[in-house]
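Positions annotated as compositional bias 'Low complexity' by TrEMBL: 919-929. Among the features that TrEMBL reports, domain 'Amino acid permease/ SLC12A' is placed at 103-275, 393-674. For 688-802, 807-892, 1013-1090, the entry in TrEMBL reads domain 'SLC12A transporter C-terminal'. The annotation region 'Disordered' is assigned in TrEMBL to 918-955. Feature annotation from TrEMBL assigns transmembrane segment to 97-120, 132-155, 176-197, 230-249, 256-275, 395-415, 435-461, 473-499, 535-553, 559-580, 592-617.
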Amino acid sequence: SSISRTVTSMTAMEVCDGMPKESSPFINNTDHDKGNLYDGKNMALFEEEMDSNPMVSSLLNKLANYTNLTQGVKEHEEADDEEGPARSKKPVKSPALGTLIGVYLPCLQNILGVILFLRLTWIVGTAGIMESLAIVVMTCSCTMLTAISMSAIATNGVVPAGGSYYMISRSLGPEFGGAVGLCFYLGTTFAGSMYILGTIEILLTYIVPSAAIFKAEKKEDEPEALLNNMRVYGTCCLTLMSLVVFVGVKYVNKLALVFLACVILSILAIYAGVIKTAFEPPDFPICLLGNRTLQNHNFDQCLKTMKVGNVTVTTKLWSLFCDSPDFNATCNEYFTLNNVTVIQGIPGLTSGVIRDNIWGDYGPKGMLVENKHQMSEPAADTSQDIYMPYVANDITTFFTLLVGIYFPSVTGIMAGSNRSGDLRDAQKSIPIGTIMAIATTTFIYISSVILFGACIEGVVLRDKFGDSVKGNLVIGILAWPSPWVIVIGSFFSCCGAGLQSLTGAPRLLQAIARDGIVPFLQVFGHGKANGEPTWALLLTGGICEIGILIASLDAVAPILSMFFLMCYLFVNLACALQTLLCTPNWRPRFKFYHWALSFLGASLCVSLMFISSWYYALVAMLIAGCIYKYIEYRGAEKEWGDGIRGLSLNAARYALIRLEEAPPHTKNWRPQMLVLLNLESDHTVKHPRLLSFCTQLKAGKGLTIVGSVLQGTYMIKEDEVKKAEQSSMATERTKGFCHVVASSNLRDGFSHLIQTAGLGGMKHNTVLMAWPGTWKQSNDPVSWKNFIETVRETTAANQALLVAKNVDSFPTNTDRLGEGTIDVWWIVHDGGLLMLLPFLLRQHKVWRKCKMRIFTVANMDDNSIQMKKDLQMFLYHLRLDAEVEVVEMVTTSLTPTVRCMTFGPLYCLAADAGRHGPQIQSITDTSRSSIRRKNQTGASGSESDPSRQLEGTQEDEVAQLIHDRNTASHAALNDKPDTGPDRVHMTWTKDKFLSERNRNRSEVNMGVRDLFNMKPNQSNVRRMHTAVKLNEVVVNRSQGAHLVLLNMPGPPKNRSGDENYMEFLEVLLEGLNRVLLVRGGGREVITIYS
């Protein structure tokens, strides 16, 4: 049929037209798919939209085949395996990991780690069971609330590889995402340091103590020797692990199951040992001297003397406290006064020792670990105690320190979200697996705190390194069947956790670098050919080395606690923000969340940060804040549909509604600018200095709307409008909004901008534009007529108007003006805008060195001295610093103008000049010449003589000339009714003046109308002459000023006097460099009240 042929031809035309088509953001259309999108379909009505809007059947087919493989370790392994040119492309397998293997076990492995094995018993002994439970409950509540928030975010759409960084950045925007992503990266990196330090501590303290390179000869040197050993071995271990990660991550992944098995077996061994203590406690004797715990390294028997055969001899313990093994040796006073006692280190579950461990025992560094229930005789001299083999605190202990040390043991909850690409159903597995893992580990920690306090003696719990039990791991002596189960298990667990940190941290940094939000990190987005992040691994190793050089597990743990808490804080904030904003895209499948829970989690994170270490918290926030501001200032602009953008929209809507309730008070008034720009043919700004001046006038505050008009229709000029908007805002790096409209003519376009720019209470109140400097040279009067109509529009809209003359000579934002003045000529009261503008300008660094001068005009019958005092007092109440000067002008010069301008902004000129057209231009040759003449006589004579001469002989002649030209112009208009107004020649020589007068006088047209016109023409002559005199005074006083501000008279009401008005302003401004004409908006903008 004809219809089908038409459809076929249209299809061919569309496929072959070569126009680029917009692809769907989630469907990867290929070129060969486009031709058959609607072949054979009865959808001819929609065929022109098929490329941009595919059919639903095609959409569903594409989505059904969608896969989301993580762009990480898996692809890198496959790239390593597929070597050679003949490698075959493997089919992409769908993710197959379930909740148990994909989320639960990885989270379990990451949460349970070094703190559980090396520090939990010491925390229980130091803080007591009750405070330890408080620490566990606080930290686990924090992670549980964070997991709930994370589950809501993770189930609100597909979460690609990147885990928490992806979730935060896409929820809170690139600034927060980059800041928190880098904090999470630093936390993961320092976690690697902590795990490596834990590994070396287990190795040197419990497995092979003899491997220590630095050995202390004295007891007081032991801590420093231990730290040096940690640094050396830690650096070697870091180098080895980094090489393993560099060579192949697949080896790390293959060992992950071994590391997980070590963790699980160690936990089971601890519970088995606790059960065994109920009926058969292990034999681990503790030696006490008085009530002090002794280090059980250098003696075998807890005795001062012993019988060997029938002879009583001293023991090794005697030699440690006395200067010789003889009975008459000099011994330590406390050793002499007190006996030694042996108690069981693990009395058992039913021993009742839990009562002794309920409350904590904090103390300063060097405090001896004592059993409060044992009797002892205090010694008078305790100065030698630090050299004796007592168990003592190696650091000062307090509750908040323990919170910071313990918190890393509950981190690792992001492991499931980081593997989201490998999960069969991430939106189901992540919430269930993560929450179950946190619940399991919380149970393990709570039960461990109670069971450790119920089974182990308090002095043993407070013995951090197991010195009282012959250097055994304290948690190991509780385990069954052997302490080595815990020692070996914890060693491999720490190794695995360190390797995983060194594997995950570089990939996180690579993901941030590839997002392009932090420019200086882009180099770390590159790596090996298979994508391995080589440079990121190098940086990670360097940062990790900083933690190893700190060398103390207890000092590194609070650092990474800060960074993880920062990350969790923003996860909670992201969820709360999205929930409160009710964003249309916020539709999580996980329903068990609430904004109050998220806020509670965020508050708990902040509290834990400052509880752990207030100065570390401030440093972490400072780092995050610096990264945020850097990304905001230098980072690439990203639009991710984040919640901060939605929050800004809601806040803006609320603020706009509030602003609508009442107009701004005078105290809050500031110029909200609409800058009217003219564009060149290539859409560049004609006067860029106008934008610079606007920036300087606002000093970075207030509203700026840059407006311009393109002639034409929007359908045709759409691309040009967008290009013009971009170029306008890029000029001078103006901060604000751009509004370019397409209109049939410039006049209507600028009128539309003045009427409609802005929104609600955020509308402009001031219009800034450039003086049309070429209006006299142009043959087309449209330019200056548009200017005058714009002045009328702003007056009708009650908006202030600023007109900058010679705007191209204004300073740029990088200029710095030296000493100079900003001169204000205050002739009529405009609401105080004339005095406010110099104050605002001086806030900017360009005008900061300029001083303000205010000139006002007085007639001969005014008291100029009193005027000056009154003006100085007025400025004092306005809190403005300015020099005041009153300029006296003779009455004959200024009475018609100054009084008119004082009682009304020159509307009397507008009324007269508007009725009689452009005739007053005939005297401008005299005006121009008078500006250029230098006054050689006194001020009085120079001002009175020309006036008397004008009022005498010349005035009649000039008035007659105006009358004659008026008659001639009317005759010309009557002869040519269809033509526009003729161009009036503005400049008259003396010869032309006389010839024109004689020619017109030869015509007999002196009727009643001519007599009626005589008096107004004489008035116009006096006003023009007055403008000349006022200009002379301004030029004499302010020609050297950096900027001159003048009152701008209003245009004539009768449009026939528009050209006279332009010439009047031209005469008024002649001879001045930088001038700003100011016209108030009809309201007070400055006040003396606070």
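Placement of Cβ uses the backbone N, Cα and C atoms for every residue, glycine included.
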_Quick check for me: are there 3+ Cβ pairs below 8 Å between the transmembrane segment (230-249) and the transmembrane segment (473-499), leaving out pairs under 6 residues apart?_
yes
*Between the transmembrane segment (592-617) and the transmembrane segment (132-155), are there three or more C-beta pairs closer than 8 Å, counting only pairs 6 or more apart along the chain?*
yes
*asked:* Cβ under 8 Å, sequence separation of at least 6 from the ends of the transmembrane segment (559-580): give me the contacting residues as numbers and ranges.
replied: 142-143, 145-146, 148-150, 152-153, 156, 164, 167-168, 171-172, 176, 180, 183-184, 186-187, 190-191, 193-194, 404, 407-408, 411, 414, 547, 586, 593-595, 598-599, 601-602, 605-606, 608-609, 612-613, 616-617, 619-621, 624, 643-644, 646-647
*Average pLDDT across the domain 'Amino acid permease/ SLC12A' (393-674), rounded to a whole number*: 87
*With the transmembrane segment (97-120) as the reference, find which of 176-197, 256-275, 395-415, 435-461 contributes the most Cβ pairs under 8 Å.*
395-415
*Hey, which of 132-155, 256-275, 395-415, 435-461, 473-499 has the most Cβ-Cβ pairs under 8 Å against the transmembrane segment (176-197)?*
473-499
*asked:* Are the transmembrane segment (256-275) and the transmembrane segment (473-499) close enough to be called in contact, which here means at least 3 C-beta pairs under 8 A that are separated by 6 or more residues?
replied: yes
*Can you tell me which of 132-155, 473-499, 535-553 gets the most C-beta pairs within less than 8 Å of the transmembrane segment (435-461)?*
132-155
*Three-state composition of the domain 'SLC12A transporter C-terminal' (807-892), taking helix and strand from DSSP*: 28 helix, 22 strand, 36 coil
*Short question: which residues 6 or more past the ends of the transmembrane segment (132-155) have a Cβ under 8 Å from it?*
123-124, 164, 167, 171, 399, 402-403, 406-407, 409-411, 413-414, 417, 420, 426-427, 430-431, 434-435, 438-439, 441-442, 445-446, 449-450, 453, 565, 568, 571-572, 574-576, 578-579, 588-590, 592-593, 597-598, 600-601, 604-605, 608
_Intrachain residues whose Cβ lies under 8 Å of the transmembrane segment (473-499), provided they are six or more past its termini_ = 109-110, 112-114, 116-118, 120-122, 191-192, 195-196, 198-199, 202-203, 205-207, 237, 241, 244-245, 252, 255-256, 258-260, 262-263, 265-266, 269-270, 272-277, 282, 284, 345-346, 452, 455-456, 460-461, 463, 466
*Take the transmembrane segment (535-553) and find every residue of the same chain, 6 or more past its ends, with a Cβ under 8 Å from one of its Cβ atoms.*
114, 118-119, 186, 189-190, 192-194, 196-198, 201, 227-228, 230-231, 234-235, 238-239, 242, 245-246, 405, 502, 505-507, 509-510, 513, 523-527, 559
